[in-house]
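Step one of this worksheet: look at the structure below.
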Amino acid sequence: MSDDAMKLVVVGAAGRMGQALIRLIHATEGLTLHAAVARPGSAFIGKDAGEIAGLGQIGIPVTDDPLSAFLHADGVIDFTTPATSVTFADLAAQARIVHVIGTTGCSAEDETRFKAAARHARIVKSGNMGLGINLLSVLVEQAARALPPADWDIEVLEMHHKHKVDAPSGTALLLGEAAAKGRGIDLGDHSVRVRDGYTGPRPAGSIGFATLRGGAVIGDHSVIFAGEGERLTLSHSAGDRSLFARGALQAALWARDKKPGLYSMLDVLGLSTR
């Protein structure tokens, strides 16, 4: 480990994403695991983070004290729950460190809290940390801008594993936001999340969402542009959860020397149009 290696905290360290992050940090030059945090009461508290991740002992015990874990760290990687991520954002702001948030299912109130924390922390937040999905979102925005809403309907279809607890997925919403941006509309005013029973005709100009859950699917997303006599489908399939971990670590390194603010993966990847 070099003296200038970025010292990262992994929260939710005992989960599948947490373990993937620990393994990848261990294998990535320029990064070092500073601390690993699990929820209070977890059976993994006190155990070696490396052993949990299948690396063997690395001398980092899992803790349930994020405040001490953030002390002297350079950044935190966070794929947890909305309420927990809000708490971590406040702590990251106090510590003036990087906070990469891959948590999905956040409310408007949560987003307001993240914006407040970003006055002092460098926050990178995205519904998906992968390069492919973020490139897809740019293509979706361009297609939505080019195809007249009177002639083309937009539907977002997603499937995830049976353990996922929020719907639509953060990635589906990211793609919906891209489509809405391309059309110059507000997604909240034009999205259709549920169809059941006698729904009547499809509302003109709406953006529909369909959610599937089952098996061990890591993440499949399609945006369908349905016109008269033709259909355009833009899609992405994730086959390995480590792609999200790689993106999160790329975001942390990118944000290290940035000024406080709320950024997205489009900023990290140089795809932002703002």
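Note: Cβ is positioned from N, Cα and C throughout, glycine not excepted.
Here is what Swiss-Prot says about this protein:
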BINDING   G12, A13, A14, G15, R16, M17, G102, T103, T104, S126, G127, N128, M129  NAD(+) binding site
BINDING   R39  NADP(+) binding site
ACT_SITE  H160  active site, proton donor/acceptor
BINDING   H161, G170, T171  (S)-2,3,4,5-tetrahydrodipicolinate binding site
ACT_SITE  K164  active site, proton donor
Neighbourhood of M129 (NAD(+) binding site), C-beta criterion under 8 angstroms, separation at least six:
V100, G102, L243, F244, A245, R246, G247, A248, Q250, A251, M265
Find the one among the binding-site residues G12, A14, R39, T104 whose C-alpha lies closest to that of H161 ((S)-2,3,4,5-tetrahydrodipicolinate binding site).
T104
Going by DSSP, is the residue listed as 'active site, proton donor/acceptor' part of a helix, a strand, or coil?
strand
Measuring Cα to Cα, how far is G12 (NAD(+) binding site) from the residue listed as 'NADP(+) binding site' in Å?
7
Given the binding-site residues G12, G127, G170, which one has the fewest other C-beta atoms within 10 angstroms of its C-beta?
G170
Using a 10 angstroms cut-off on Cβ to Cβ distances, just flag whichever of T104, T171 is the loneliest among these binding-site residues.
T104
At the level of the C-alpha atoms, what whole-angstrom distance separates R16 (NAD(+) binding site) and the residue listed as 'active site, proton donor'?
12
Specify the count of other C-beta atoms within 10 Å of the C-beta of H160 (active site, proton donor/acceptor).
25
Residues flanking the (S)-2,3,4,5-tetrahydrodipicolinate site, with Cβ no more than 8 Å from the Cβ centroid of H161, G170, T171 and excluding those residues themselves:
T104, G127, N128, E158, H160, K164, D166, S169, A172, G219, H221
Identify, in sequence order, the residues in the chain of A14 (NAD(+) binding site) that are 6 or more apart from it along the sequence and have a CB within less than 8 Å of its CB; answer 'none' if there are none.
A38, S42, F44, I52, V62
For K164 (active site, proton donor), which residues in the same chain are close in space, meaning a Cβ under 8 Å from its Cβ, but six or more apart along the sequence?
R213
Same chain, 6+ residues apart, C-beta under 8 Å of the C-beta of R39 (NADP(+) binding site), given in sequence order:
G12, D64, T84
